[in-house]
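Novice: Here you go, one structure.
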Amino acid sequence: MSWDNAAGAAEDYSGGDAGGGGGGEGGGFSGQCFNCGQTGHSKQSCTEPPKPRPCYNCGEEGHSKTECTNERVEREFTGTCHLCEEVGHRASDCPSGEPRTCNNCKEEGHTTSKCKNPRKIDYSGVEEVAAEEAWAQIMAAAEDHDLDDVKEAALKYFKACPETTYVDMEKGFRSQDIKVYLIGIEKELLVTYTNMDLQGNLNKKYTVNWRFSDLPHRPREREHWPSTPEENLERLADAGVPVDCGLPKCSNCNELGHIYKNCDQEKMENAERAVLRCYNCEGEGHRIRDCKEPRPDRYACRNCGKSGHGSKECPEPRSAANVVCKVCDEKGHFAKDCPQGGGGGGGGGACHNCGEEGHRKQDCTNERVLICRNCDEVGHVSRECPKPRDYSRVKCSNCSQMGHTKVRCKEPIVENADAGQANGYGGGGGAETSGEAAYGGGDGALEPAQDGGNGDSAW
């Protein structure tokens with residue numbers, strides 16, 4: 001077998017386990033299983049025990065590379081070099097490969113992390129014009145007050161005069177009264193960014209800002225603004241524009257120049273680092289492909305747990321094993337059987353139809369009981385009540401206060417259409433039965449609303 005990750009990946013995807021060509025379990029899978037090597041099924045549905053795989057770090061079986069505590073063991077490479085297409089060595093060890101070039105200075109013989117030279121600035125995408133013409137374009141763009149055109153013309157000038165500095169540019173603008181200002185401001189950059197001047201020198205202290213005024217635009221900029229033109233020129237001598245420093249950041253020690261796997265410091269726990277979690281058993285430290293727990297059928301019946309049908313077609317009696325009660329939020333029983341107030345749902349388990357306990361409205365065989373929400377007597381509704389209206393039970397739909405209606409409300413009219421409807425869609429008074437009285441503003445669920453759905457007009 002090959003110890004090269006790229007070669008191993010090529011072998012894995014050649015068998016068709018992913019079902020990429022119209023395969024898959026239900027669509028005529030014809031590849032080989034990556035676990036047992038047999039045809040007709042994929043690794044996900046394989047019933048054989050997982051085949052032991054050696055660790056990529058030490059070569060021993062029984063653990064993965066992420067769990068390995070042994071030292072790395074160099075093994076024979078049997079893959080193919082992607083530079084010369086020969087077998088037996090990696091591209092990093094290829095004798096016929098081109099010399100490695102530094103990404104910073106574009107010279108050979110060293111890497112970016114060890115480079116001390118200025119960065120080679122690439123002006124290949126900038127139009128090549130004479131310095132005088134580029135300067136004229138800067139002046140024209142400044143007259144038009146177009147900062148983007150000013151910067152574009154400045155790039156042409158930098159290409160024509162590579163020795164120009166930001167100090168020279170600022171002095172030239174002031175001597176010719178061009179309303180463009182280069183301001184050096186000390187700004188905090190990301191760890192992987194640094195300031196670079198026009199000659200490619202990195203690690204400059206200040207950041208260059210192109211402005212049409214020498215005054216700060218916002219009050220928060222004043223503390224970072226240079227106090228005098230002389231101080232600004234001193235800053236521009238050590239200023240540049242933010243660029244990527246070109247070095248990786250280690251997630252273990254937070255230093256530049258190497259990555260986590262090459263860090264020689266002790267591995268530290270990082271609470272913000274992503275945790276490797278298995279989606280099969282919800283355990284940590286392994287992937288689903290390495291999980292030893294059997295994989296459940298995601299399309300099995302939610303009632304009995306068997307495959308081949310859904311919960312709607314399940315012939316078994318309804319099971320409450322995985323049901324969460326809506327009353328107490330506990331598993332194992334339905335809301336109608338809840339020991340903390342089930343039976344009818346709402347209002348202490350009373351039926352919304354007759355008011356008795358022990359059953360629900362849809363199971364009720366008794367006659368509907370009408371309860372007046374004005375006098376609490378049985379046999380009529382509030383709009384038929386012979387007694388005077390009890391305003392202490394009335395809630396205003398405008399100010400949400402008790403004791404008056406919206407018509408008699410002295411508070412300003414609330415524009416919000418939902419104001420005063422905390423009791424439900426109708427906003428009408430207290431519930432006359434168990435809990436459905438708020439809908440429609442009528443006399444509970446015992447009588448449908450017929451007067452517009454407002455608790456005030458229902459009288």
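A Cβ is built for glycine as well, from the same backbone N, Cα and C atoms used for every other residue.
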Novice: Choose the correct range: of 1-21, 253-273, 274-294, which one does TrEMBL annotate as region 'Disordered'? Give that range.
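Specialist: Checked against TrEMBL: region 'Disordered' maps to 1-21.
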Novice: In TrEMBL, which of the ranges 118-155, 156-193, 384-421, 422-459 has the region 'Disordered' annotation?
Specialist: 422-459
Novice: What is the three-state DSSP composition of the domain 'CCHC-type' (33-48), stated as helix, strand and coil residue counts?
Specialist: 0 helix, 1 strand, 15 coil
Novice: Could you tell me the mean pLDDT over the domain 'CCHC-type' (277-293), as a whole number?
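Specialist: It averages 87.
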Novice: Within the domain 'CCHC-type' (372-387), count helix residues (DSSP H, G, I), strand residues (E, B) and coil residues, in that order.
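Specialist: So the domain 'CCHC-type' (372-387) is made up of 3 helix, 1 strand, 12 coil.
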Novice: For the domain 'CCHC-type' (277-293), what are the same-chain contacts with Cβ under 8 Å, counting residues 6+ beyond its ends?
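Specialist: That would be 43, 50, 64, 66-67.
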Novice: Could you break down the residues of the domain 'CCHC-type' (301-316) into DSSP helix, strand and coil, giving a count for each?
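Specialist: So the counts come to 0 helix, 0 strand, 16 coil.
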